[in-house]
């Protein structure tokens, strides 16, 4: 595991041509842009957690059957400060940094006080967000960093708080067909309240946008949901949307704000202030996108931890949503670098197994229905919703599959009925060893795997003019623990899961987390071939 998780990776600043075996489809023209941690030690100091590592962007540019690779560390303020000091001086979620030991007691005391209300890191290592024509590296704090997707150059630093009152925000926004961005953040003790804020960043304005005006300046609060606890808001990583609704899970994986405020003084990380409360419920909040107000019915389910929503849609008066769920918060613990060692296999067996679950919620509850009765009559799922007193509904999910993570879908089906989930196969271990295509309809799956190969999140790209949901290709960056095998970009036929091509690169590639595919300008998925006249579609 040291090869994958512990070693710092070198940048590849100039594009290097990959060696392609097989044949890449002629229509596939664009750039796969990915993000993830690449540097885990600075000088003599070391991060505690894999998710703390400094962000390393990398890209695969695909044109005319050829592939070019490059990588570059995000030049965040965090990166710059650490490199200049040759030690970790900016705190991350699992690693608390402290003043230079050579500084006097007065400067140390000032540092302690300044950390009472922490200014979070801008080490944006999790995902890439598209906002209008701009691209941003994102993490889960209030900061995002604009980047150049061609050169991987780091541009301006953006503070969400200038546009919407959030201290934390997800790295998994949703996009509508017009390119508008919908996201969720947490506003901590703002005007005496802690709330979850759903906000919208419009891609365009009526009459057009002024030259150089950022879409972020037109961010608006879509809806707010009051947190059940003022000082213990829920942690969350993603959310779900359908045509008419937004699904937000307030799960019993909670941040203790008082502990966070004193973490620096007590010499502990912010991650130690995150705890799973197995005695609590998971509350399901539904927001009506038409009225911008929460649905009044109180839905809840058993305690669980969800990092990734898969998809959601409406069917016959019900709201169905699929998630990857864990029984507790042990997954986060496993990714401490101390646990990613020779005892990794044993440590991994102590974690909860990721399970693909389907929930079904009745959008209109019959007041005359008997207490204890099942309110779901759909033939398409075995999920149940039991009526309880005081307008509460207890939701029992259908278990679809186990051992899936990093799920992706054909995004044209986002918020709509769908059939296929493309995911990393993790089995008992949270480290991906396979790529899986799971068929929700038949409850069957096909997979790709190769000895000593570790795939990243699989990303679906549709064939131009495709009519079938799985008509397209899967892209995944593969690293290997075999020193004789170069890392490579894998290209699979999404329908058959047969390998079409691989592009091997003689570089130090890191295992990334999330990203997106940026089609070349002129590529229209509704046509059979790239055109030089049409603008690029929104992703």
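Numbering starts at 1 and runs along the chain as displayed.
Just so you know, glycine gets a Cβ as well, placed from its N, Cα and C.
Taken from TrEMBL, the feature Fe cation binding site applies to 172, 237, 308, 514. Taking all protein chains in view, 21 other C-beta atoms sit within 10 angstroms of the C-beta of residue 514 (Fe cation binding site).
Around the Cβ of residue 172 (Fe cation binding site), a 10 Å sphere holds 21 further Cβ atoms from the protein chains shown. The Fe cation site is defined by 172, 237, 308, 514, and by the 8 Å test on Cβ atoms against their centroid, the other residues of the chain that qualify are 126, 127, 170, 171, 238, 307, 309. Comparing Cβ neighbour counts within 10 Å across the binding-site residues 237, 308, the minimum falls on 237.
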